[in-house]
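Colleague: So TrEMBL has the following annotated:
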- 82-174: domain 'FANCI solenoid 1' (DOMAIN)
- 179-265: domain 'FANCI helical' (DOMAIN)
- 273-436: domain 'FANCI solenoid 2' (DOMAIN)
- 450-668: domain 'FANCI helical' (DOMAIN)
- 686-910: domain 'FANCI solenoid 3' (DOMAIN)
- 923-1058: domain 'FANCI solenoid 4' (DOMAIN)
- 1062-1136: domain 'FANCI solenoid 4' (DOMAIN)
- 1144-1180: region 'Disordered' (REGION)
- 1148-1157: compositional bias 'Acidic residues' (COMPBIAS)
Amino acid sequence: MAQRILSLAAEEGPERLQEALQSLGEAEARQLPGHALAELANLFVDVIKGGSLSNGKSLELFSTVLTALASSKESLTYGKGEELQFVVEKVLRMFSKLDLQEIPPLVYQLLLLSAKGSKKTVLEGIISFFNQLDKRQKEEQRVPQSMDLEVATMPLDQLRHVEGTVILHIVSVINLDQDLGEELIKHLKTEQQKDPGRALCPFSVALLLSVAVKHRLQEQIFDFLKTSITRSCKDLQFLQASKFLQDLFPQQYDVSAVILEVVKNSAFGWDHVTQGLVDLGFSLMESYDPKKPFGGKPADTSYGLSKMPAQQACKLGASILLETFKVHEPIRSDILEQVLNRVLTKAASPVSHFIELLSNIVVSAPLVLQTSSSKVTETFDNLSFLPIDTVQGLLRAVQPLLKVSMSVRDSLILVLQKAIFSRQLDARKAAVAGFLLLLRNFKVLGSLSSSQCSQAIGATQVQADVHACYNSAANEAFCLEILGSLRRCLSQQADVRLMLYEGFYDVLRRNSQLASSIMETLLSQIKQYYLPQPDLLPPLKLEGCIMAQGDQIFLQEPLSTVNLCQRSEDDEEEEEDVGFEQNFEEMLESVTRRMIKSELEDFELDKSADFSLSSGVGVKNNIYAIQVMGICEVLIEYNFNTGNFSKNKFEDVLGLFTCYNKLSEILKEKAGKNKSTLGNKTARSFLSMGFVSTLLTALFRDNAQSHEESLAVLRSSTEFLRYAVGVALQKVQQLEETGQTDGPDGQNPEKMFQNLCKITQVLLWRYTSIPTVVEESGKKKGKSISLLCLEGLLRIFSTVQHLYTARIPQFLQALDTTDGDAEETDINVTEKAAFQIRQFQRSLVNQLSSAEDDFNAKEMQSLITVLSTLSKLLDPASQQFLQFLTWTVKVCKENALEDIACCKGLLSLLFSVHILYKSPVSLLRELAQDIHACLGDIDQDIEVESRCHFAIVNAKTAAPTVCLLVLGQVDKVLEEVDWLIKKLTSLGSDTSEDPSQPSNPTQTLEKGVILQLGTLLTVYHELVQTALPAGSCVDTLLRSLSKTYAILTSLIKHNIHSESLSFVEEKKKKKKEDEAAAVSTVMAKVLRETKPIPNLIFAIEQYEKFLIHLSKKSKVNLMQYMKLSTSRDFRINASVLDCALQERNTEDAENEPDNDQQAERSISITPEDLLPGQDQAFAT
């Protein structure tokens, strides 16, 4: 039949042909051989082109012929090679001309066709097309009022649905053709090396995550994505630290933003992407282990770029999971279950990042937990086996569920009641933590305050539910039941009691109706140790606070903490509890009076007592001493707060401090004699952070006339002033290390921030108003108060940047008393920071201009560190930053500091600031010239030109201090250059850019690399001719030279591969003399046995080898200024060896030596006889 049709086409007219075509059935068409199908298809095309087709039914047959042709085995050979590539490229070009809805079926046909070849072209075309559509859509959203009516605005939801359909098509074809999946990963890996933005766009990431559901490819895809994320984070970190790199890469690709955009896009019905997103999120979070426990986590972790790429990747994983949780309701329970599982299974390592995610999930949708309450209940069953930090974090995170689900609350109470009787200490501490949390959050009045209801979504439902379920009476009964359980803890270890006492204050502050029950408990507890007789000294039985088990002695009752709690709660007392209040006041007054009268002998803690930690008596006395000191501190705080600036009360405060100070001095003295590590460590203070801020403000800033007489009592004691500042320093240090402090409100970030601001105000005023030079600190041993204030300021500035990064504007605003009414939105961080910097600059200049006897090196070092910390708050593009850099350069140039530590600090500050403004290579060159001029030349006959750019480089500081700092900074520049060369190599194979264009990125990068290396070589040229002292300077210089030659070698390899020789000739001519000098002078200077020598020789030889290759390839004599080093490679020349052996045998035959002499003789051949020539050593 096919033959008849073809003959009609050749002989008859179109009418007969159409009749024949209609008579050909679909079944017959499918059975035709491949060549016949091809000819029929051509025939149809000719008829359509001629316009003679009059019957539409023939077109149905045409589609059947094309389908049969596509599936015909014989057509495989027909569709291969250039023709198939042409078809694929033609179809891809047509995408932009088609309606959006017509693209998915066409993509599917293309994917089927790709089974015969051109897989890469098909995938690349599809990804590139949708990437361009996404970019255009973003532009339209950015400029919604576009007046260009010719650009058709596509609906966002339509685009997303089409993308989702196309992804499904690709995934279905990959299920049939695994090679297509392998090609997808291979293509994206290749593209990612060249241009990450083109490889990992939202469409391609969504495609990868959909394909990742197939387990065979999941590991490859996740490894690729995690590597890309880590590399992107490292690159961003690298760029942020260097202005030179920022200029070369003004727009850096951020893969994190792309992946979060995929989460956002998945809301348009992309259910096939969600599982991949969840798996990727958990995979990223599991790849990072935080080092700090939950209690020590930073208060604000969501601001700015984290220090470690792994930590940044972990934060991205948490963001992916949180956003996916918000967008996709069906997968919420799965995410919640996986988070809870990881909190339990990874309990051995810190899980703060998972607990933080859980807390954010609960805040975003609190009522979702109700549907998963069984899983939460299962988690509670394992509380006894979890670390206390994990328990506290977990309970805080799920706290909203306890308000809306009675069953979950009851199950938690059962678990906690069992845990109280557990043998494990952590389990009992977990029980106390859980009960305290319940007491804090179930108000007896039944109302739920806004401060307690932290969730943003569903807060009204929670509040309504609480009002419906609970009333005042129910809550009161519930809380009293918990208090009954907690009373059992009063007979347990000191750690459990300590947690209970510290928790009571927070409970009382939030749930004041429980005051009478709590006060009754505490009163009965303290009466066990209180001696009521008014004249009996001491007023407390300390023996009962200690427990002995065999040879070991333990603290049983933290009595000072009981006092702390009762003192704190005394302020919370209600009018109806006058009886309790009166009892407490009388007791504390009596204890205060008798503690002042008591001598150390009354406690058996005088200087003759044993305080060594190696004996039981010594341990007991140490515990006694810490308890007495703690009680003194608690009473100091109580009397100050209740004294209302009474002179008598403040005299009592000073009397209590005298007792405290005597004991503190004895402990320090004894610890010093025993050479204990605790010798210089102050005992942990029991003062609260809030009281410390109040006390400092009163001592240094209170100018009220009515307070003057009473405060003069305290101000007269320099030791007390130093003690107050020292405690503030200790509290700030504790806050920095653990994220919280001891005592009331210690775990409240808001209160801690407010107290930090107040303390900073006082310390800043005290330091700037009374300089160290003015202060008479020589009469008393120990640091001056001003120096302590400066150390406190240094710690506070560092702590705020770590813990309260997002609140830095408010912190700086609090310090600026001249602009107190400014709104938070108007705060300019750079201006505020510059104002504070100027104050410390004045102090530093005063130090530099002071007499030699008045120069304080410790204060100078602290000032430099403060300036370095505050300079991080300046915007590098601001005028203030440039002024600070200019000032730093001026200080280094004009002041000949001889103190090593101060010199090191100043130069480190200079480098850290300079690199954010421009590349430091010119600065390094000047410093290297100064070092050369200062230390002299290796050739003693040569007189070095006297050049002095920086006075800070002098005979005492030039080596090793300045030299090692310069070489350290050189290594950082080399790291940047190495990073750039890797970028060059990845861009080298990308031919999409026109090399003739002046803005070609490859040429820009090459120029940057060459300028950096060219200047660095002048630095080396100076240093290798300098008479450096043997030791660390020489070793570091040799290692740095080895690294430089390795980088030069990699640059030459890049040029060999890319044949980009436009800059090479100019570069080499500039460098050869310096490099030749570097080699010869280093070899002459350093002893042969120095370890870095072999590595340097090898690096030089590798460099020369590839330089010769490049010379041959470029036809440019790059060896013109090079003096080749002696080759250590040789090969045996057989002909020369034979001649030498024959000559030796002839001599032996003539001399006829004895057999013994022959046995002893050895063949002696010089290497020069066997070497075929130096040039051959490099010929390969």
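Just so it is clear, glycine is given a Cβ too, placed from its N, Cα and C backbone atoms.
Predicted, not measured: the structure shown is a model, and the values here were computed from it.
Give me the structural setting of these features: burial, nearby parts and distances.
Modeller: Under DSSP, the residues of the domain 'FANCI solenoid 1' (82-174) split into helix, strand and coil as follows: 76 helix, 0 strand, 17 coil.
When DSSP labels each residue, the domain 'FANCI helical' (179-265) comes out as 73 helix, 0 strand, 14 coil, counted as helix, strand and coil in that order.
Summarising model confidence by region, the domain 'FANCI solenoid 2' (273-436) averages a pLDDT of 81.
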Colleague: Return the stretch with the most CB pairs under 8 A relative to the domain 'FANCI solenoid 4' (923-1058), choosing among 82-174, 179-265, 273-436.
Modeller: 179-265
Colleague: Please list the DSSP helix, strand and coil residue counts for the domain 'FANCI solenoid 4' (923-1058).
Modeller: 95 helix, 2 strand, 39 coil
